[in-house]
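Student: Take a look at what Swiss-Prot says about it:
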ACT_SITE  D79  active site, proton acceptor
SITE      R18  site 'Important for substrate specificity'
SITE      T80  site 'Important for substrate specificity'
SITE      Q162  site 'Important for substrate specificity'
Amino acid sequence: MLDNLKKYKIVLGSQSPRRKELLSGLDIRFEQKAMPDIAEDYPAGLDREKVPLYLARMKAEAYRSKGMMQDSTLLITADTVVIIDGTILGKPQDREEAARMLRTLSGRTHQVVTGVCISHRWETRAFSCSSLVTFAHLSDEEIDYYLERYRPYDKAGSYGIQEWIGYIAIQRVEGSFYNVMGLPVHLLYNELKDFGESN
């Protein structure tokens with residue numbers, strides 16, 4: 001599948017092992033490269049649902065500005081945020097913040113939005129995906145166990161849906177499960193397919 005993309009060098013601009021795993025599931029050849037360091041800042045007035053797409057674009061621009069884009073490069077960048085009560089929960093700085101985030105999510109429904117940017121030297125395509133996730137009530141003991149065993153400090157909202165906490169606490173997901181993991185692969189596949197057919 002996606003034979004039209006074989007002329008491109010597909011690069012996943014992300015250090016995330018979850019995004020690497022998900023992109024691998026599309027059976028396309030790619031390489032994973034760490035992105036240049038960027039401050040994940042965004043304009044204060046920006047709609048919260050638009051933040052991940054803004055950051056995905058920033059990551060692509062950082063890659064481009066370092067002269068890392070060749071004519072054959074097809075770069076995929078992404079960013080995922082958790083939103084609850086109009087507040088973005090990013091990656092926790094420490095255990096205390098992670099526990100606070102999980103207590104906030106406990107017994108409630110929150111939104112997960114992933115923004116994805118596909119960049120070629122002369123073209124950029126961007127899209128986002130939103131899912132709703134409902135948590136069961138989490139006890140302090142369950143939160144402590146999860147943080148001790150899984151240390152989710154590299155994850156937005158302090159949890160990985162594919163981990164232990166997902167098995168015991170996720171009551172419902174409305175929308176893409178893989179979006180919650182960090183990459184809406186069904187949309188990405190269609191965008192890559194369309195890109196290959198039109199270029």
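Using N, Cα and C of the backbone, Cβ positions are placed for all residues, glycine too.
Note that the structure is predicted; figures quoted are calculated from it, not measured.
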Student: Do me a favour and check the Cα-Cα span between Q162 (site 'Important for substrate specificity') and R18 (site 'Important for substrate specificity'); whole Å is fine.
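Tutor: Approximately 9 Å lies between the Cα of Q162 (site 'Important for substrate specificity') and that of R18 (site 'Important for substrate specificity').
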Student: Among the recorded sites listed here (T80, Q162), identify the one with the smallest other-Cβ count within 10 Å.
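Tutor: Checked T80, Q162; of these recorded sites, fewest Cβ neighbours within 10 Å: Q162.
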Student: Ten-angstrom check, please: count other Cβ atoms within 10 Å of the Cβ of D79 (active site, proton acceptor), all chains counted.
Tutor: 25
Student: Ten-angstrom check, please: count other Cβ atoms within 10 Å of the Cβ of R18 (site 'Important for substrate specificity'), all chains counted.
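Tutor: So the Cβ neighbour count for R18 (site 'Important for substrate specificity') comes to 18.
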Student: Using DSSP and three states only, what is D79 (active site, proton acceptor)?
Tutor: strand
Student: What is the separation, in Å, between the Cα atoms of R18 (site 'Important for substrate specificity') and T80 (site 'Important for substrate specificity')?
Tutor: 12
